[in-house]
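Novice: The structure follows.
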Amino acid sequence: MRTPVPDYLAEVLDDVAGDRSGAVADYIPDLAAADPEVLGVAVTTVAGRTHVAGDADVEFSIQSISKPFAYAAALADRGVETVDATVGVEPSGEAFDELSLEAGTRRPKNPMINAGAIAVHHLLVGPDATGADRVERIVGLLSELAGRRLTIDESVYRSELDTADRNLAIAHMLRNYRVLDRPAAEVVDGYTRQCAVLVTVRDLALMGATLANAGVHPVTGRRMLPAAVARRTLSVMAGCGMYDGAGDWLVRVGIPAKSGVAGGLLGALPGQVGLAVVSPRLDAHGNSVRGVQVCERLSRDTGMHLMDAEPYGSTVLRGSTVDGDATVVTLQGVVQFSGAEAVLDHLAVEPIGTTEVVLDLTRVDRLSDVGRRMLLEGLRRLADDGHTVAVVDPDGVLPDPELGDGTRPRVRT
Ligand code: GLN
């Protein structure tokens, strides 16, 4: 059998292909030469499988889609306090290239508009980094995420730098308010190179899948970013990624996303997929017209929307049986707060007539940190009540099950 997923993606592209509205960006002369007909989509699951349709191997400049990754790198390099002191996380409700700062703090409002992204670029690596160090940091990270060495489109870079008056104005404004401590021209040069990195939708979907997978690369299994950094980056994408179209986007699509003026669009749905679309004609917000349509369609058809929740908790407690003098409580799936709560509630409410209580974790795929702490506390309380406690854990999902008082449950494999 051939998996139907790519056929589905091709069908989605077919449906939007006829829409020729919008216009390619022309404020960067080189972008005006882009083929407006290019249309491609890629989806990468957090298990590392990629499905594509259309122009999945056509390269285009990443542009603003580099911003969430630069933000993530700056968080990893400089820590959240330094980054927070430099740039906010509030949706701006303004165009991407607005010359504006937050009243009071004089920080750029968020890292997804140019003012914030220029400030973030200058934070990369460390205070003593050179312009080249910062560029290598971001190109290196993007390359590792894409699983191949990415290059800078020199012609796009030069074309944008030649006409970068607005970004230079933003950088001078930032320097005036001491947000930047490097020369405006040096930072804009590096930021412009960052934007000129060539990618395909295949690359972007893979990059997005790392964000969706809490910072772990879905193919290599390597941790690329701390989980807290991936979460913060996705949060900012959800609020600010689509510029002044962000609220509408969150309601209609509900996938943290970032668009770029070359027509790329990246989405990442936590725990599920990274996805990317390319189609160079843009709407009034500077977002790809057909890219937005493809994402709307995917979200609607597949239920991929941040606010579409599955009832995790109720499925964790598989059953409870009495086996001789033991009550065996069987758990399954992924145990987070609500699943552990259901198990603890069962143990608290159902009368236990046996000496021993066994938690059978054989079918548990993963215990979150809170799930682990809650189950251990439950076992400790059962032991306090006079029960002997045991776990069946052949895969070691509950390593080192110390009950907080030096004792441990009996472990059966
Ligand atoms: N390099 C572009 C700029 O700074 C990025 C803007 C974008 O993709 N929205 O103007």
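Indices start at 1 and increase along the chain as displayed.
Using the three backbone atoms N, Cα and C, a Cβ is placed for every residue, glycine included.
In TrEMBL, annotation is done automatically, which means it is predicted and not curated.
Sharing the features that TrEMBL gives for it:
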type	residues	note
BINDING	Ser64, Asn114, Glu160, Asn167, Tyr191, Tyr243, Val261	substrate binding site
DOMAIN	325-413	domain 'STAS'
Novice: Using CB atoms and a 10 A radius, I'd like the single residue among the binding-site residues Ser64, Asn114, Asn167 with the highest neighbour count.
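Specialist: When each Cβ's neighbours within 10 Å are tallied, Ser64 leads.
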Novice: Let me make sure I understand the span of the substrate site: among Ser64, Asn114, Glu160, Asn167, Tyr191, Tyr243, Val261, what is the greatest distance between any two Cα atoms, in Å?
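Specialist: About 20 Å separates the two most distant Cα atoms.
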Novice: Can you tell me which of these binding-site residues sit near ligand 1, meaning the Cβ is under 6 Å from at least one of its atoms: Asn114, Asn167, Tyr243?
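Specialist: Checking each Cβ against ligand 1, the ones under 6 Å are Asn114, Asn167.
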Novice: Could you tell me which of these binding-site residues, Tyr191, Tyr243, has the fewest other Cβ atoms within 10 Å of its Cβ?
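Specialist: Sparsest of the binding-site residues Tyr191, Tyr243 by Cβ contacts within 10 Å: Tyr243.
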Novice: For Val261 (substrate binding site), what is the tally of other C-beta atoms lying within 10 angstroms of its C-beta?
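Specialist: Its Cβ shell of radius 10 Å holds 25 other Cβ atoms.
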Novice: With an 8 Å cut-off on Cβ-Cβ distance and a minimum sequence separation of at least 6, pull the same-chain contacts of Glu160 (substrate binding site), or say none.
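Specialist: In sequence order, Ile28, Asp30, Thr192, Cys195, Ala196 meet the Cβ cut-off.
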